[in-house]
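Enquirer: Structure incoming, see below.
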Amino acid sequence: MRLEPIANPTLARRTLPPVLALAMTFAVAALLAMIAGGNPAAVFGEILKGAFGSKFAVLETLNRATPLIFTGLAVAVAFRAKLWNIGAEAQLYAGAVVTAVLGTGALGWPSPVLLPVIAVAAMLAGAFVLFVPAVLKTRFGVDEVVTTLLFNFIFLLFVSYLLEGPLKDPMGMGWPKSARLIPEARLPRIVEGLRLHWGFALALISAVAIWIVDARTTLGFEMRAVGQNAEAARFAGIPVTRVILKTALLSGGLAALAGYSEVAGLKGSLTLDLSPGYGYTGIVVAMLALLHPLGVVVAALFVAAIFVGADSMSRAVGVPTYLADIMLATALLLMVLAILLTKFRVRRD
Amino acid sequence: MTGAEPVQTVLRLSNITKRFGSLTANDAVSFHLDRGEVVALLGENGAGKTTLMNILFGQYTADEGEVELFGQTLPPGNPRAALDAGVGMVHQHFTLAGNLTVWENIVLGAQPLAAMSLRPGEVKARIRDLSARFHLKVDPDARVGRLTVGERQRVEILKALYRDARILILDEPTAVLTPQETDALFSTLREAIGMGLSIIFISHKLHEVMAISDRVLVLRHGKLVAERPTAETNREELAALMVGAEVTMPEITPSTPGAPRLSLRAVSTEGEGDKPGLDAVTMDLCAGQITGLAGVSGNGQAALSDLLSGLRAPISGDMTVAGEPISGWTPRTAIGHGIARIPEDRHHTGTIADFTLAENAILETYGSDFSRRGWMDWARVRSHAEELIATYDIRCPGPDVRIRLLSGGNMQKLILGRVLEWGPEIILANQPVRGLDIGAVNYVHGRLAEARDAGAAVLLISEDLDEIMRLSDVIHVISEGRLSPPFARGTMKPEDLGAWMAGHGFEEAAHAS
C-alpha cells in the first residue's frame, strides 16, 4: 500500500474522513461496551443522557468543556505555527498558582479591577512558562517537545511544594490545598442560580478572538506563514523568531487561562488535582478540531460530554468509565489517520 | 518476443487518457518505443509529460488506454510492474540518500541492505563493471552527500542499469548539469543505445533534443500534436509545435551602465556545510546593467545570493547599497534597500505551497502595503493579486488558488510580479529560468531586460553559460568563492570562461591587483 498526494481535494474528500473517524470511534466503543457486558444502545443512551439529559448535566458538560477550550486553543495556536507545545499542563498550573497567590487576599481590590488584573497576571505567568522553551528552541535549537513535556513534571512538583509550604491553607487541616479565594476574586456565575461561571463565556470569547487574529491580523498571517514554511517566511522578511516567540506567549497565556478559570470560577482554591490532564487532553481537542479555533469549542464540548456522560453511564449500566478514555484515544488516532486521508489517497500495489 | 525481427517495439502506449477533475492531463496519447531508439518527449510545463510517465510507472491509473511492455499488457496502478519489467527512471529531482554510499544507494530498494546474502564485494564489482561499460565514472564507496550534482545523476543511471533496465526514462536530465556534464551524459546515452537499451528523453531544451534523439514527440495541452523523425525537423519547427505559435526570443540590446547601486569590496562570508563562502569578493552592480555570474554549481553562488538576499551578512569587507554601508543586514533590510530577490528554489524559498496565490503575492509587503495597524486588508490583497495575474499573465483559476497547483512558469511569474511591480533598484535573479519552458524563459528574460532598461541593476546567477552570455552586459566567473574580474559583453569566448570556471586565472589576477 502506498499514499498518493491529492492535488486538489474535493469538499467530500476533506470532510468525509473525519466524519468516518468519529463514526468508527463509536463503533469501537460499542464493541467494547458489549465486551464489558453492556448494551451499546443503552450505553450511548446513558452517555447522552448524562451529558445533556438535564439542566444539571448540560451545565456540568459546559463546565468541563471550559478548561478544555482554553488548552485546546493553546495547543491549536502553537501547533499551527509548528511550535510543539506539549506543556499546556504546566502553563495551566502557572495560571492557577498566580490566581491562588493574588486571589487569596494579597490584593484587596473590588471585583471589576481584581478579576482582569489576576487574569492578565495568570496569562503572563503561563506565557513565561512557554517563552523559555521557545527561546531555547529559537536560539539553541533545543527541541521544545522535550522541554515543554518534561517541564510539566517539574512544575507539578513545584506546585506540590507550594501547597505543602508557602501556599498551604493554615485552616486546611493539613490537606495540601491553598486558602480559599476571597469573594472579590471569584468569577461570578453567568446566571444567578445556575452553576456555570464566566470562565465559560471567557473561553468562547477567546475562541472567537483567536479566530479573528488568525484570519484578519498580520500576526495571524505571520503565524500561518511561519508554520507552513519557515524558510520561505524568513526569506520574505517575516521575523520568524519573533513570530515564534509571540506564538509562545499567546499559547502559554491561553493555557494559563484554563488554570485561572478553574481556580477562580469552579474550585475556589488550588489543589494538586486541579487538572486531570487538561493540558494533554487539549492536544486531543486541538487535533479533533483540525487546529481550527472555532472547531476547538465543538471538540471540547464533544470530549467533555463523553467524560461527563461516561461518569453517569457507568453508574447506570456498570460499564467502566475507562470507556471514555478509550473513545478519546480512538478518536485521536482515527482523526490523525483521517487528516492524512484528506490529503492522500491510498493505493494498493 | 523474437530477437530476429529487425525492429522490435519494446513499449507501446495506446490511447492513454487521464483526467484530473475538469483538466485532461493526457488526451488519447499513443506512441511506441523501439529497441535501441531514443525518443524525445517534448512539451512545455504542464503539457502532460510527467503524468504520462507516472501512468507508465503505475503512480497514476489511466482513465482509458493501456500500456504494453515487451509485448505484455501492464497491470494499471502497480508501480513495481514497470520496474520489474525493466524500465528505469531517472527523476529530475534525485531520489538518493545522502548519508549512504554510492553502492548502498544502488542496491537500496533492489535488495535488502542487511540481508545475509548481500556481498558488498560482488555488488561493487558489478557497479565498477557497469561504470566502465557505460563511462559512468563514480566511486562505489563514496558518500552520496559529498558528490556533485553530475555525479549523483550518474548514480541514478547506474541504479537503473544495476536493475537490468532495458528502457531508461530521463526526466529533464540536463536541468542541473554544466555543459561539460551534459556532453558526458550524452556519450553515456549513446553507449547505452549501442547495447540495445531504449531511451525516453523528456525535455524542453530543443538543442539537446536535436542532438540526442531519433524521433521527437511533441505534447501540447495533454495531446500528442506531432511526431517527427529528428532528422526531418529543426528547432524552429519544434518550438512552434511545442507552444502552438511562432516563438521569438526577446531582443537584448547593449546598454549604457549608470552609477554603482551595490558595491562589494573584499567581502567574505562564512560557508555552509560543504558549500564555500565568499572569499574577498569585489564587484559593482551598476544601474541599467545586467551582471552575469557564471560558474559551476556549488562554487559560492549560494553565498553571494544569500548575501544579497539578506540571509547572510559579511564577516569582513565593505558592502554598500546606494553608497551607504549596510548595517543590521536581514531580508527585511535588503527589501528596504530596494533589492528585488528571485530565489533559486521557487517551491520552498520563494513561495509557501499551501498559501493562496494572493497570500504569496504579499509575503514581502503585507506589513507595509496590505494592512493597517496590524489588521489585514484582504480586499486589497485580492485586487492586488488580480492585477498581478493580469499584468504578468499568470495562468491560474484565480487569486484563491493554492500556489502549489500552479506550474513552475506561472509560479515564477508570480514571484517576478511580486518583486518587480514596485520598481526595484537592484534585482537578484538566482537561476530565474531553471526548469521553465521556452515561453516562460523568454518571458522572464524579457522582463529582466525591461527592468534593466528602466534603470535597475541586475545580478543574474545561472549555471547555463548560454543564458549568461546572451543576457549579461558584464560577466564575472565564480570559483571556490573567488570572483574573477568583470568581462564586458562579447570579450570572452565560452572556452575562456570555462577556464575561469575550472579555477584558472585567479592567482594571476590576484597578483596583478
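All residue numbers here begin at 1 and follow the chain in the order shown.
Any Cβ shown, glycine's included, is placed from N, Cα and C.
No curator has checked TrEMBL annotations; they are predicted automatically.
On a predicted model such as this, the values are computed, not experimentally measured, just so you know.
So TrEMBL lists the following for this protein:
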- A:61-79: transmembrane segment (TRANSMEM)
- A:91-109: transmembrane segment (TRANSMEM)
- A:115-136: transmembrane segment (TRANSMEM)
- A:145-163: transmembrane segment (TRANSMEM)
- A:196-213: transmembrane segment (TRANSMEM)
- A:280-310: transmembrane segment (TRANSMEM)
- A:322-341: transmembrane segment (TRANSMEM)
Enquirer: Are there residues at least 6 beyond the ends of the transmembrane segment (A:322-341) whose Cβ is under 8 Å from a Cβ of it, and what are they?
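Expert: Distant Cβ neighbours of the transmembrane segment (A:322-341) are 3, 17-18, 20-22, 24-26, 28-29, 32-33, 36, 43, 281, 284, 287-288, 290, 303, 306-307, 309-310, 313-314.
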Enquirer: Near the transmembrane segment (A:61-79), which residues from the same chain, at least 6 beyond its ends, have a CB less than 8 A from one of its CBs?
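Expert: Cβ under 8 Å, 6 or more out: 51-52, 85, 88, 91-92, 130, 195-197, 199-200, 203-204, 206-207, 210, 223, 227, 247-248, 250-255, 257-259, 261-262, 265-266, 275, 278-279, 281-283, 285-286, 289, 291-293, 296-297, 299-301, 303-305, 307-309.
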Enquirer: Which residues of the same chain, at least 6 past either end of the transmembrane segment (A:196-213), have a Cβ under 8 Å from a Cβ in it?
Expert: 59, 62-63, 65-66, 69-70, 73, 76-77, 119, 187-190, 219-220, 254, 257, 260-262, 264-266, 292-294, 296-297, 300
Enquirer: Would the transmembrane segment (A:115-136) and the transmembrane segment (A:91-109) count as touching if the test is at least 3 Cβ pairs under 8 Å, pairs 6 or more apart?
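Expert: They do touch: at least three Cβ pairs between the two stretches lie under 8 Å.
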Enquirer: Taking residues 6+ outside the transmembrane segment (A:280-310), which of them lie with a CB under 8 Å of any CB in it?
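Expert: Hits for the transmembrane segment (A:280-310): 18, 46-52, 57, 60-62, 64-66, 68-77, 79-80, 86, 88-89, 203-204, 207-208, 210-211, 214, 255, 258, 321, 323-324, 327-328, 331-332, 335-336, 339.
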